[in-house]
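Reviewing the structure listed below.
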Ligand SMILES: Nc1ncnc2c1ncn2[C@@H]1O[C@H](COP(=O)(O)OP(=O)(O)O)[C@@H](O)[C@H]1O
Ligand SMILES: [Mg+2]
């Protein structure tokens with residue numbers, strides 16, 4: 001069998017799949033490489049020899065500014081926000097038993113855009129943009145909860161209502177932009193696409209604390225979520241109590257996605273694609289939370305590196321790039337599901 | 001509801017005065033049933049009469065609006081959920097196979113009620129999974145993906161998952177549906193062997209002749225009520241089949257097993 005058991009004394013024994021360990025190690029290494037590249041490449045790049053002093057805060061001059069202000073926070077936010085999106089998508093997909101279930105499709109990210117538009121364009125000065133996004137995301141989720149008529153207990157209804165809420169939110173964004181005129185709306189443009197430009201260590205702290213607190217909570221529900229993949233009834237019959245597990249998972253997923261959206265904007269499709277790619281690479285069932293986190297971090301930092309350094313995408317908001325890649329993937333997924341008759 | 005010592009059912013699993021509903025739509029108004037220990041109980045009845053609903057209530061996956069399910073004489077919700085799952089295993093009518101899961105991993109999921117948060121895999125788990133694969137003749141499928149299996153193989157694997165749970169009470173909802181006739185009998189023979197080994201089985205079946213052949217206790221339901229129950233040789237009469245299913249028929253002895261055989265009449 002391709003799994004071994006990790007043992008520690010008599011009290012710990014966890015089955016570990018070798019393939020998952022290999023994929024996870026490769027992704028972690030990939031993230032390190034991307035991190036090094038994004039700090040060293042380009043006109044302002046820190047020379048490799050000066051990297052360590054810069055990270056430790058010993059350097060002065062341009063390197064200090066590049067690390068402390070321009071690239072360091074951006075990278076650190078990107079890693080955690082990508083991980084948060086990845087885990088959030090994995091949780092939503094498991095709970096809805098549908099690869100389309102993700103904060104993008106279910107209305108959360110569009111709700112964040114609507115919140116940002118509301119407080120950034122229409123009612124300015126009341127709330128800062130990230131908080132506005134947070135409020136929008138939570139309001140959208142409240143609408144989904146009310147709209148299904150039975151909370152988050154029915155996956156199909158959750159998806160349908162979510163798509164509706166998503167459409168409404170985007171319509172609201174358009175309305176807000178038309179109200180204030182396009183010139184003013186440009187201040188919001190980069191946020192609405194999702195961007196990691198000009199992040200601060202404050203953003204980094206917010207998203208890292210969210211991930212460090214919520215990821216372990218999510219891991220505690222993994223086993224019950226695995227059983228829920230076989231249907232709530234089967235999970236209940238195995239003693240896994242699906243109803244509270246579902247509520248927990250949805251709350252954690254909302255928490256992670258809203259945190260990520262409030263620091264990075266509604267970056268498209270990372271949450272949708274990361275868990276799916278992780279699942280295909282590891283060829284294993286289950287929510288694959290740790291791998292989804294690594295994959296999300298890898299994809300987002302990679303996309304951001306491309307927007308910073310590639311000649312084609314220079315200084316585009318990273319969300320534009322992920323939207324293009326994710327859109328293609330979403331199309332593929334829909335066609336595949338259509339063929340299987342499970343849309 | 002408190003069962004007095006005198007009226008306490010003899011069986012390990014029983015439902016008393018059950019009222020079962022979905023979103024207040026009552027499917028079973030008032031039903032009591034006792035599952036004989038060590039028996040093979042088969043539930044039959046027309047579509048939508050509440051067979052699956054009853055099984056869900058007995059396995060605690062549906063909470064009754066009124067009445068109690070007793071497990072070992074105590075209300076089933078006085079146990080912890082994993083403790084129930086160690087005594088009682090249930091295979092729903094249409095279980096969902098997760099995407100990209102191997103047979104062995106699926107069967108291993110049946111071990112959940114025996115595992116803890118930190119102790120997720122033990123030698124006993126390994127033995128139970130191997131045993132379940134062997135007794136369903138699915139050992140050679142262990143490393144295949146469930147999605148690649150034929151209907152008959154898949155059903156054997158689901159039963160293996162339930163067996164890995166190592167519960168003495170097995171509830172199976174329509175384990176033979178969608179199988180061709182040879183595979184139907186293969187599953188029934190497997191059930192019958194599990195029963196002979198000492199387990200208590202409850203299954204929902206559609207084929208009355210199969211039910212009559214394998215059941216030690218036949219439960220006939222109609223519109224949320226039990227119309228008849230007991231030894232199939234006594235219970236299954238032409239009048240009952242006509243009343244419950246609206247099918248005029250004659251009953252003759254099964255030339256092979258001697259159990260009742262339902263032969264529909266040719267419409268005049
Ligand atoms: N999850 C559910 N939600 C609402 N109604 C249901 C649900 N499951 C079953 N029902 C209804 O309850 C009735 C009995 O269903 P069921 O117990 O599945 O019948 P059977 O298994 O005898 O065919 C049917 O009318 C069915 O439509
Ligand atoms: Mg049924």
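Cβ atoms here come from the backbone N, Cα and C positions, even for glycine.
Annotated range for transmembrane segment in TrEMBL, selecting from A:201-220, A:221-240: A:201-220. When the ranges A:21-42, A:43-64 are checked against TrEMBL, the one recorded as transmembrane segment is A:21-42. Looking at A:158-177, A:178-197, the range annotated in TrEMBL as transmembrane segment turns out to be A:158-177.
Highest Cβ contact count with the transmembrane segment (A:318-338) among the listed stretches A:21-42, A:105-123, A:285-306 falls to A:285-306 (criterion: pairs under 8 Å). Touching of the transmembrane segment (A:201-220) and the transmembrane segment (A:285-306) is concluded from the presence of at least three CB pairs under 8 A, sequence neighbours closer than 6 excluded.
The highest tally of CB pairs under 8 A with the transmembrane segment (A:75-93), across A:21-42, A:105-123, A:158-177, A:248-273, is held by A:248-273.
Ranking A:21-42, A:105-123, A:158-177, A:285-306 by CB pairs under 8 A with the transmembrane segment (A:248-273) puts A:105-123 at the top. Just going by CB pairs under 8 A, the stretch in A:21-42, A:105-123, A:285-306 that sits most against the transmembrane segment (A:158-177) is A:105-123.
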